[in-house]
Structures are given as structure tokens and as C-alpha cells.
Amino acid sequence: MKLSTSTMAVIAVLIALAFAPLYLGAYPLTLLGRVLALSIAAVGVMVVWGRAGILSLGQGLFFGLGGYALAMHLKLVATPRGELPDFMLYNGVEALPWFWAPFASAPFALAMVLILPAAAAGLVAWLMFRRRITGVYVSIITQALLLAFVTWLNGSQGLTSGTNGVTDFQTFLGVNLRGPNVANGLYWVTLLFVALALCGTALLLRTPFGAILTAIRDNENRTRFLGFNPAAFKIAAFMLGGLLAGVSGALYTLHLGTISPAMIGTAFSIELVVWVALGGRASLIGAAAGLVLGQLVKDRISSAAPDAWLYVMGSLFVLVVLVMPQGVAGLLQGRRRPAPLPTPPSPLTREVSDAV
Amino acid sequence: MPSDTHEALLDVRDITVSFDGFKAITNLSLSVPKGSLRVLIGPNGAGKSTLLDTIIGKVRPDTGEVRFDGQVISTLPEHRIAGLGICRKFQAPGVLEGLSVRENLLLTARRDKGVLGILKSPTRAEQDRADELLHLTGLTGRADVPAALLAHGEKQWLEIGMVVAADPQLLLLDEPTAGMTAQETAQTAALIHTLAGRHTVLVIDHDMHFVELLNAPITVLHQGQVFREGDLHTLRADPDVMEIYLGRPRELVAHD
Ligand SMILES: Nc1ncnc2c1ncn2[C@@H]1O[C@H](COP(=O)(O)OP(=O)(O)OP(=O)(O)O)[C@@H](O)[C@H]1O
Ligand SMILES: [Mg+2]
């Protein structure tokens, strides 16, 4: 079976990654951990965009919900009993807002890391797909919702700490986040989640559910007339994408020790899509690898020449759309298989032509 | 005429369909009795495909209604109409290319087509149904071949199998023999005869040889209206029918 070679390659890479703390220095390991956390969101983009053909430019919304859900808990834990989080005091807030209170409980907060993004994604998807909104309109709506969320976060200083974001965490589940061995532990936990996300999604996409998503992407009407309701499948896919983004956001918050509106905004959401496109949005591994490599390169370039970064990313995006709509993974696959099957038109080009 | 409508499985009542002011179908009525085989012919642009589009809910009539088994369906969403037991094979084959022949059939044979239902493993009955369909369409030997690798005729049969998989009461086939060889066409006619016992079937086709093989009552559509109804023999003798086929007059002429 040809699949097993690539499955084995993935397992080999995961094992190599598991031992990274033994051979990587402190900074590279931290960087790798962060990027792996982000790759979980990329897996979500692969499901939503690569398989279901929904180009969301607002994944930062769900990423942020997961991140803030955890951050609120961490902040409350770091706040002495009976007191208010520091930023609330600065902003003259006198009592803990109602929606903050339950986050003092770790199980509640952890549940919310999963529930909030998934439910928000489900609601957004339900509103869009029930009305059969497709193509660029989906991209615009998701982007607009993200913008609204970021604007609200920025404007609500007393509730969310505004542009500063939520910071100064100390412990999580009793573990001192500044302790000596935390870096390795967090890295392994992140890797575990990456492995879970990859395997779980791969298994799910191998069921008829995955086949129907592909069928919807390639021809939504046909699936409808075969008796499937595309909206329901798209909502499910979008919820999964939101859930993965949320988990990614929570892990990323732990890695950075902070979450702020700037981390989840438009630039973040578009970058996520660019990396997935580059790696190959139809391939799980391609999507995750594209993000990991892209972020590592970004770290290099943006520390050398911060201004150049945006141009590099923009050019990469154009390159991917024009030259290799299936990303690097698509190129590799094309080489393996001499006569590639005709690929469906890239949703991107299709959306652009729809809009004209 | 209205007296026998309760016998009809499909009852199209006085529908008008227009696209940006252009009337593709004008005051068309058509009723198809339960268990029958009906052939629909007519020159290009007569509105045949549009009629099927209207039945399955892809387009909505401006006026009039479509009834199925006595129930008005022209207001229901598409997947509900499909769920009632109306399935259509489109002109262009649309099998799920990434799946094998059997997987294609098994997927459409599923009773529960919801997100959660599809995640369960298929029941024994559904698997048996897939086997039955493989046999019916003559694709048993090709069960594990990816649908993308099938020959053109095989794809068409697979798609007929997929359409039949859900055991629809009404089967709508739009040009099922397009691009087929004479032998494949004959096999398709035989397949449709087998199906006609169990389902009500409405077939559109241009190939008069195929229509002859189907040997069923014919409705001629012209400019969005029912022009004539009858058997092939009578229609061939009808100068008006010959007239509307002018420009492609040989179509109605016997092949022998
Ligand atoms: N979506 C649409 N928008 C505009 N006009 C349409 C649309 N669909 C069909 N038409 C027009 O309606 C008329 C009937 O088309 P239809 O496809 O039903 O014909 P047909 O009988 O199936 O022809 P053929 O034998 O070529 O398949 C044609 O003039 C066609 O151009
Ligand atoms: Mg047609």
C-alpha cells in the first residue's frame, strides 16, 4: 500500500520531534513548540478549506476564543484571592464581570477551550451555509467577524485588557509556569496534541464523511441531489476547524505566556491560510508542515529584516495561487504519479472568477 | 384529465419556468403513473433538462406546482425532495472519483444521510444493497476500482447505480447513453428495463435507436410545452413532429 510509506514517514518525523528536547537548544525548542501549536490550527484550515472548500479568513476568531478562554483562567489563578485582575483595577472595574467568574474553575475553562470555538464556529457556519453563502462572501464574512471581535477586544479595556492582552500568568493546574522543566513538558504536551489532531483528522477524513466533504467541494449540488445536505456537512467541518483553532490558540497562549488582539488578527488569519496553501491544502501533512516551515522561515526573515516580511509573504501567496494550487505536497504527489488525475479548479481561482 | 391524477406518482401541474424573462417552460403539465417507464424527447432547448431541474427542486416554477405521490414538492428543499424518493442522473457523470465503485454505491445506499449517520458503519442491509447494485449495473468485477479509472460507459452505469441505490420511487435519467457505443447503449436499455419493474422511470434521450429499444410511451417536448404524446411508431408518422425536428430530421427516422 502506497499510503503506508507516507504514514511511516509521518511517524518517523513525530518520533524525531519527540526527542527534540534532547538535541535542540532552548531557543530553537521554544520556537518549535510554538510553531507546532500553530500547526494544529493549520490542520483545521486543511479540513475547512482543503477538503470542504470553505476559505475562511477569520480562523483567528476561534483561535482567539480558545486562547482567551485559557488566558482568563490563568489570569484568575495568578490573581490573589478576593482581588481583581490587575488590568481591571487600572480600568476602574469594581466587580469581577459575570462571564469571568466561572473561569476560575480549571475544568470549566478547559471545557470552554473546546466548546467556545466549536460553538462559535458552528453558529457562524449555520448562519452562512443555511443561506447557501459561498465563495468570496464566506471569506469576507469570516474576516469581518474577526475584525469585529478584535475591535471589541481592543475597545473593552476593563473586560479584556484591550490591546495589551492578558498576561502575567503564574501557574496552571498547580504547575509553576516559570519552573525549570516547564519548557520540555509544554513541548511534549503540544506534540501530543499535534499527533492527536493529525491522527484524529486523518481517520475522520477517511470515513465517508471525508468523501462527502470532497464531493461537496467539487460539486455541492450533486451531493445535494444524492440526498445529502451539504450545509450540515459544511457546518460540521467548520466546527472541527474552529475546535482545532481553539486548541491551537490555548496552547499558543501557554507558550507565549500571553494573548492579545494583535496575535489573532487579520494578518495572523491570512498567514495561516498562506502557509497551508504553500504546504498543500489538500494534504494534512502538507498543511502542518507548510505552517511549521513557514513560521521557522518567518522567524529568520523577520528578525533580519522586519519590513521585508510582508512582501515575502504576499509574493509567496501569489506564487502558490498561480503556480502550484496544490502546494508543495501537490508537486511531490505529481512527481510520484506519472499521470496525475485532473485536479478540480482551485477554490481560490474559482472564487475570484465568481466575483468578477 | 384531472380525474386520474391521484393515480399518478409524478404530477406536474401547469408549471411555467423562466430565466431572466425567457420562458424555458410554459404551462406544462405532465403526469407519470406509478411503476411506468416514460421517455421524454424533443429538440435541443425544448426544456427537457429544465423540467427535471424543476422536479428535483434545482429551479423553482414561477407558477404551477409539482406533486409527488399527492404531496406538493415544488416548495421543499432539494435534499428533502431527494429524501422522498426522487433521484436524478445528470447529463454529465458525477461519480465520486476518489472512491471505489463499491464505496460510491454504498454511500448512496445509506439510509441515514446525516453527518452522524454517515459516521456509523453501514448495516448488513446496506452492504447487501450495494452488492445487488453492483450486480445490477454489471460492475461486480470492477467493485474495487477507483471510480476515476472507469471507462465512460461504466461511469454512466455506476451513476445510474448510485441514483438507484437509495431505492427511489421515481428515477429521472437525463441522456444516460450520451457518448456510449451501440453495444453499451443496448446494455443500458436492458438495465433500464430491469429498473422499470421496481421504479417509476423517466428517461430523456436523443438517440432514437435507444428510444426504440426502450419501447415505452413517449412525450415530445417543444418550446417548453408538451407537443405530442404517443408511441414511437405514431410519432414517426406525424408530420408535425417531423417538422419540429427539422434541421435534424434524420433523428426520428428509423435506423434500420
Ligand atoms: N440556468 C439557465 N439560465 C438561462 N437559461 C437557461 C438555463 N437553463 C436552461 N436555459 C434555457 O432554457 C431552454 C431549455 O433548456 P434545457 O436545458 O431544458 O433544454 P433541453 O431540452 O434539455 O435541451 P438539450 O437537448 O440540448 O439538453 C434553453 O433555451 C436554455 O438555453
Ligand atoms: Mg438537456
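Numbering starts at 1 and runs along the chain as it is shown here.
Cβ coordinates are placed from backbone N, Cα and C, and glycine is handled just like the others.
Not measured: the values here are computed from a predicted model.
As annotated by TrEMBL, transmembrane segment applies to A:7-25 (among others). Remote same-chain partners of the transmembrane segment (A:7-25), defined as residues 6 or more beyond its termini with a Cβ less than 8 Å from a stretch Cβ, comprise 32, 36, 183-184, 187-188, 191, 194-195, 198, 285.
If one looks beyond the transmembrane segment (A:31-49) by at least 6 residues along the same chain, the residues whose Cβ comes under 8 Å of a Cβ in the stretch are 17, 20, 24, 55-56, 59, 62-63, 183, 186-187, 190-191, 193-194, 197-198, 201, 205, 213, 237-238, 240-245, 247-249, 251-252, 254-256, 272-273, 275-276, 279, 281-284, 286-292, 295-296, 299, 347. Annotation source TrEMBL lists transmembrane segment at A:31-49 (among others).
Look at TrEMBL and you will find A:61-78 (among others) tagged as transmembrane segment.
Annotation source TrEMBL lists transmembrane segment at A:98-129 (among others).
Residues annotated as transmembrane segment in TrEMBL: A:136-153 (among others). Non-local neighbours of the transmembrane segment (A:136-153) in the same chain are 54-61, 64, 68, 124, 128, 160, 162, 261, 264-266, 269, 351-352, 354-355; each lies 6+ residues outside the stretch with a CB under 8 Å from one of its CB atoms.
Within its own chain, the transmembrane segment (A:185-205) is flanked in space by residues 10, 14, 17-18, 20-21, 29, 32-33, 36-37, 39-40, 43, 46-47, 51, 175, 213, 240, 244, 247, 251, 254-255, 284-285, 288, which lie at least six positions past its ends and keep a Cβ under 8 Å from the stretch. What TrEMBL lists as transmembrane segment is A:185-205 (among others).
Packing against the transmembrane segment (A:226-252) from elsewhere in the chain are residues 34, 37-41, 43-45, 47-48, 51-52, 54, 56, 59-60, 62-70, 113-114, 116-118, 120-122, 124-126, 129-130, 132, 189-190, 193, 197, 201, 204, 209, 212-213, 215-216, 220, 259, 263-264: each is 6 or more residues past its ends and has a CB under 8 Å from a CB in it. Taken from TrEMBL, the feature transmembrane segment covers A:226-252 (among others).
Sequence annotations record features per position, and here TrEMBL assigns transmembrane segment to A:272-297 (among others). Nonlocal intrachain contacts for the transmembrane segment (A:272-297), taken as residues 6+ away from its ends with a CB within less than 8 angstroms of a stretch CB, comprise 6, 10, 31-32, 34-36, 38-39, 41-43, 45-46, 49-51, 55-57, 59-60, 194, 198, 201-202, 205, 313, 316-317, 320-321, 326-330, 333, 348.
Under the heading transmembrane segment, TrEMBL lists A:309-332 (among others). Same-chain neighbours of the transmembrane segment (A:309-332): 271, 274, 276-283, 285-286, 289-290, 298, 301-302, 343, 346, 348-349, counting only residues six or more beyond its ends whose CB sits under 8 Å from a CB of the stretch.
Annotation comment: TrEMBL describes A:335-356 as region 'Disordered'.
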